[in-house]
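Features as listed in TrEMBL:
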type	residues	note
DOMAIN	345-481	domain 'RCK N-terminal'
DOMAIN	774-914	domain 'RCK N-terminal'
REGION	652-682	region 'Disordered'
REGION	1045-1082	region 'Disordered'
TRANSMEM	91-110	transmembrane segment
TRANSMEM	148-169	transmembrane segment
TRANSMEM	245-266	transmembrane segment
TRANSMEM	272-291	transmembrane segment
TRANSMEM	303-328	transmembrane segment
């Protein structure tokens, strides 16, 4: 029996656990000696309730918060602590006080003193006021007539108010009863409630006057508490401004109501004023008007008026002062953006650490440059107080109706609620680049991005980050722009594609191309017109530009769209692929669902197409003579303004037939008869609709590289090292895009990366000893940050030929760490050296005389200054010194403030620079966003500021593809099948092409490259207002009598100077001062050397004193240029460096350069033009066999040869 009970119990337990009872019985029999028997009454209920055998253990159950279970605490929770219940209690209390005031008004209206005055149940006595008597009858003041029903209601309300007051006193009691008793609210409650309760027991006092109108102050107090509870209950930020206005209004209302009721009651013993008359008297008195038609008759009422005026003079100024203070604080903080506006209007939020006027105007001008954003509002959320200049700008009516400034932090939900971030269309988070600690600035940006994402997860985020290693923290953002990545990639491309920084800056700025159109200078008009080109997109099936090229190759569509409409097709995106492809090549066939990206003055939707009747007649008259058939023969071009729909007719770009089989690209091309009989120029092959692998050069760069690998360069001073193509094994930060690069097969030791110190592997201590074939690229930076890695990668990308690789020298103020050296040790010809640009010895040791490009990066330690715009002072002066010491060196400078670019290559008394300054001011007054574009250093790509790329982030709100396209152009991202940006120099042998349109055809038909612009350099003589040009004085002093051949040089030079560089200023000045040209300077130096040799020969025959006098005169008259030259040579001799390289440095300061984006097809090519190209991906279509590459090279432009193809070769 003892065993049967456990089995039953176990059976039930086993049944619960899913086991069979038999198996359990078997186990219990085996373990009977180990398991204790269950209690006699062990049932299933006991199993569920717990084991009762442990009731006698020492465990104690502890209950928490038992103090809240008391009756008092529960009442306190309901009446005080709980927000919603206490709000209801206060609302009920407020209603009671209003009811008592209303009952008092009803009692006054029903009471008539003329009917008799007396206590309850006493005989009534009539009273008549006598003006001549000074005695006051107090009976009308003490007794009133109160109806029975009114008395009952007032007694009930008084009892409720009294009980509620006593209960609240009990609940809020904290040990000091007198503190509760002497409160003003408690005293008023006792005055207005206790007399009514006493009248219940003493009937004659029921007509006693009780000042119930004082309950208006209790109602005001209840209203304030109710508003506070209301804000807390609905979790809204309390509006201090609203509360203060409400308090002020209630105070005024209570003063007027108290004065009205008090004077009306006291005047019962005087003039017996009605309630309306008393109200009129109070308004006239408090407004300080004082008509005098109504006056109090007895002294109690007069005393009351004096008391009320004194109270008003004390209370109201305090209230107004608090209100004004809050209003001023609200003006500083910006107030709130209402929920109603956020739901009915569209707005974006701009979060910044500190708001400067330049950043604000760049954002507003770029954001509102788009027509569809005109109805948007901009809410600025900034933790600092509004700057004076910003305040002045935001007071302009143009911006005051659109921009709302809120002082607050993005880390506070209350401030994000004020900005209505959850309803915003976008949030722009910008970093403070002027901070000395840029890492700390990035950390603040990251926290802001996290806070916004946590508060409003559906709000699109546009984040600007400074350092690339912090980029992965904000990877969740919709669009991210890393400043150092873009900056170093731009500066790197500036060295191999001149003025890339200007090209990208113009592309990402919104402009209508109207800048400089009123200038007399031809280059300014053309440069300003082409600067209006931007990148747009359209679906191919919906496009008039590209719809007719469906099923055709990409290069065919690009060439014909440019020839016909003047638009430059640069890339596309497949419908089923999110990646953008720049120039995917001729094997890419266009589909109707593709999204096309093109460069034009404006987007196609704002274009009008005008067909000329005479052109249509020409096409009908000669239907079979054109080189291209189909819709591509339509000679239509349109230049459209950015706003509205405006079309202008340009000369026809009709292709004319020729006997040699080539076609022209514009109306300025010669006739076929002239082409056939008068010249033997090579013909231009047509652009095929579909790719032909036998006639197309698929990858000229790979062929060049294969030749490099077969025949390595032996003329370099180094041992031949085979480069390999691969991905850099060590990335300095997380999130860098993998790029196929030229790498060393084995990483270089760290000691070999030091340029100025030898090691056990080599003994070279200067750049000359290395014997580099190509010119050096020197980068001057303060520290070797991770962003500097992005300067090296584009210059070592796989699509650049090995013959074009320039040695890179990093001139660093501080020694790089091992992590950075580990990242760059696999790249060929990359060295570093410790030094600074303000040290001449450092520049000479790093090989500045053998360099073609010097990049000066803005230093972090100088980005902040006590005075605005002074952060660039040291950099500008150092660059100006290098500009004087090494005039032929191409120096690219990064500045903190774009407005300081006018000081680069500064000429104090240059009239031409003064004219450009006036042009900049005029363009700024006309509302141009690119007023600084005509400054010569910016136009030539010699100066760059990263703040000019802030518009890239702003444009992404409308053009979400701009960041991707810019990164592809800069080489930061490499998408398989996408092309890259490169450049090609036009030489004298290439001028048979004649026009940009024919060049477009030549490149598309031979190498499938898409030109997008021209970098043009023109000769220009800068005149000065000084009586004598210092540069003319800078030549070695020689007598003109010693050589008369100077007149022979003047004549031939004046002719080409005046003939057609597009500068009328140069035409006027070129023939007047031949010494301005570098060629004449070289000849003058040769004449000086010849004269010095002649003087040496004469010295042997002449007397020594005469020779000494001539030498002394020559030394006294030597120029500034010669002094600088001797200074540099002496420092080179002191450092043990050869001076031969410095003698070859010439002065090239008499030229101006500018960028033409997507020029018209009939633009004439000029010598030394550098054409920007988008070259297709060499690895996209690799053809097996080198014979096909060599056969296809016959269609390549002559500049494809290594000596003449690219831009950095001299």
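Including glycine, each Cβ sits where the backbone N, Cα and C put it.
Keep in mind the model is a prediction, meaning the values are calculated, not measured.
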Mean pLDDT across the domain 'RCK N-terminal' (345-481), rounded to an integer, is what?
90
DSSP helix, strand and coil counts for the domain 'RCK N-terminal' (774-914)?
55 helix, 29 strand, 57 coil
Tertiary contacts of the transmembrane segment (303-328), as residues 6+ beyond its ends and Cβ separation under 8 Å
240-241, 244-245, 247-248, 251-252, 255, 258-259, 262-263, 266, 282, 285-286, 296
Write out how many residues of the domain 'RCK N-terminal' (345-481) are helix, how many strand and how many coil, based on DSSP.
59 helix, 28 strand, 50 coil
Same chain only, please: residues at least 6 beyond the ends of the transmembrane segment (91-110) with a C-beta under 8 Å from a C-beta of the stretch. Say none if there are none.
144-147, 150, 153-154, 157-158, 160-161, 164, 192, 212-213, 215-216, 218-219, 222-223, 226, 257, 261, 264-265, 275
